[in-house]
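Right, one structure below, let's go through it.
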């Protein structure tokens, strides 16, 4: 397939090979340095294999005036060191680790590790985050990012096959995108700028530009000081926006198709390994996902004995868990769209129902009890937008550049934003975003 | 394929359909409002089509006491308004625009445009950037982002098929990644942070984590006050990093395969349209790309009569154009790898040749006369890294977190970073990055 000069064989590809010479490379998991034979368990990104080296007896070496350099190198190997080994692949059913082993002929230490490893298997999460590059060597942790890769590529393939345009919206902005809250301020030459909280306005701009259907997977930034398991100051947002929609139903129909494509790819490629390492059966959701108007969801939750303790019309995290439990019991489904949120708890740009202007054409998507998405049809009529901006206590003139997008013609449109790490967290039954983020960023976490 | 409720037909898909009822939607390009018949050229993201509507004679209307509402609506259509039209598709060879037309039966104005359009076909680039959402309606400009989408997806597919892991490295950092120059500072709660200039350190961290092969396409930020055609303060960087390399040759071999895959996809999908709208023949490069050590390149350029006017050992933009011209003449190739840069002009983390420590195992990739990539094998031996850091006048203790990545074992590795917009600019023979960036960011450009 390729002329790449990397001649090593991935450990997962060893088993089907016939006995013979192979080169493997990776890091040292364990060394068993016995009197007559030495064993090394070598790990790479694809798996683990046993390396073996019979010692030449000390009296034989002494008689010949020789030193067994490879034996000495193996004895000196610290856990975590990266090595390249060439040797003889042997299939042997007695070897517990995959029924194969490699008899070491040459061994090169590419990068020796300090023998004092700073984290252990039982280190707490903060300590593990400090040494994230070691934490990510754990196969279970590395698998998360393989799953993420597959999940993202399946989404992008879904979109590209349907002629969506990928956009890269700017993350540095002159002013706030939606509100002045939770914005990070940047020194920008002689002035100031802000980091984008979402690509919302720029996604909508693409609709006015006639792009039709667009997507973006990119970082967003929230100066949110909270320390919950579900929040980060920087995270990867999965965004799509499409024109010529009749309502938020069109957006939901697209998102559920998209998720089916992405979950199918994950189950096919990683289902067995996820089961083995996380003890989770990832399932492909059926369509249509259940849809429940928010007001009805609140009634259902109340009937289950939980009254949402909020002054406004919104749901809360426990209410989301309750409605998810109801949906799991009634429909056997892990997803539920809550729809038609009250206008008072939605941003000004959500379109409202013609026949009930108190309700928006919007939704949240709940997965395994936690919100992963907000979506909506957007209001594209400038006069209605201006009225809704005023109703929210904001000034249309402060959103002039945004309103301009719709002054020169705009199609009906809608879209959603989805937190990538939240999906991974809920898919793999992880307790917080830190476990499923390559390098987590929070109010007190900026390193490594 | 899909249950999506968007029933409109894309204009590009009309031609193969039989005569009959269709629904199209898009924006008004032109209106010809004649006495007996009205014509509208409608444009969507896929093309343009003529809509037609015979007028009912005024005397007939008057006799019946009727008003022709559709005729009035057409008369009132401003250029740029978004409309949805249902009508009768007719194939008619006499119609210049694709040999088809749609006879309007119903017309809904989804979003009326202000009649005063703020830009014209001959507006200057700054004015066009001010109204970028209108500028992007020009088919040639929209095509750029379709090409970009195809180019990116082909690269990601190349990587995913080869088991690379996609990473999302943080863009907010506690300290500088490579140097303190050109960093944007962020107010971060009670303290400060910086925006990542590149994912360099975090890409390398993945190698220490045993990820093997990774990629990322994401924004990077440079507080560079320069105003050249080739610089932006925020741009999309295409990054890859691979372990177990023997030298920068392995990185170059991967990058040229990657580019062949991406250019092949672009030529297959958009070659004809690029030719039509840009008058450019995009060609798939042959491999291997020519490779010329920098010192030799400077001799060649000098022989052509150009002496690089720099005090250091580096090339300059004119030198890059000269060597590209030489390569085009000698090898008929648009790409050239310049290799083995002097250590004095490369960052501390570039590995040096064993047999000539003055030279790095590094390269730049020049495409049509302009640099698009810097790549290298990285130094992964902590003691050598520390020496090279000191040689650059920096302090190893200030890079402690980075050096830690290599203290607990690391494989040999290398990678590259490539400016996405630069590739598009050079591929489509555009004069500057602003033309090929969705929303350009520069020292004086933060809007829209």
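Even glycines carry a Cβ here, placed using N, Cα and C.
So that you can see what the record holds, here are the features copied from TrEMBL:
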BINDING   B:178, B:222, B:374, B:378  L-aspartate binding site
BINDING   B:371, B:419, B:420, B:421, B:422  ATP binding site
DOMAIN    B:145-448  domain 'Aminoacyl-transfer RNA synthetases class-II family profile'
REGION    B:200-203  region 'Aspartate'
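Taking the Cβ of residue B:422 (ATP binding site) as centre and 10 Å as the limit, one finds 23 other Cβ atoms among all the protein chains shown.
Between the C-alpha atoms of residue B:374 (L-aspartate binding site) and residue B:422 (ATP binding site), the distance comes to 13 Å. One way to see the shell of the ATP site is to take the Cβ centroid of B:371, B:419, B:420, B:421, B:422; the remaining same-chain residues with a Cβ within 8 Å of it are B:230, B:235, B:372, B:418, B:423, B:424, B:425, B:426, B:433. In this structure, the CA atom of residue B:419 (ATP binding site) is 13 Å away from the CA atom of residue B:222 (L-aspartate binding site).
Around the Cβ of residue B:378 (L-aspartate binding site), the number of neighbouring Cβ atoms within 10 Å comes to 26. According to its DSSP assignment, residue B:374 (L-aspartate binding site) is in a strand. Taken together, the residues in the region 'Aspartate' (B:200-203) have a mean pLDDT of 97 on the 0 to 100 scale. DSSP gives residue B:222 (L-aspartate binding site) a coil state; it is part of no helix or strand. Taking every pair among B:371, B:419, B:420, B:421, B:422, the residues recorded as binding ATP, the greatest CA to CA distance is 12 Å. Residues of the region 'Aspartate' (B:200-203) grouped by DSSP class, helix first, strand second and coil last, total 4 helix, 0 strand, 0 coil. For residue B:222 (L-aspartate binding site), the number of other Cβ atoms no farther than 10 Å from its own Cβ, over all displayed protein chains, is 19.
Taking all protein chains in view, 19 other C-beta atoms sit within 10 angstroms of the C-beta of residue B:374 (L-aspartate binding site). In this structure the alpha carbons, written CA, of residue B:371 (ATP binding site) and residue B:222 (L-aspartate binding site) are 17 Å apart.
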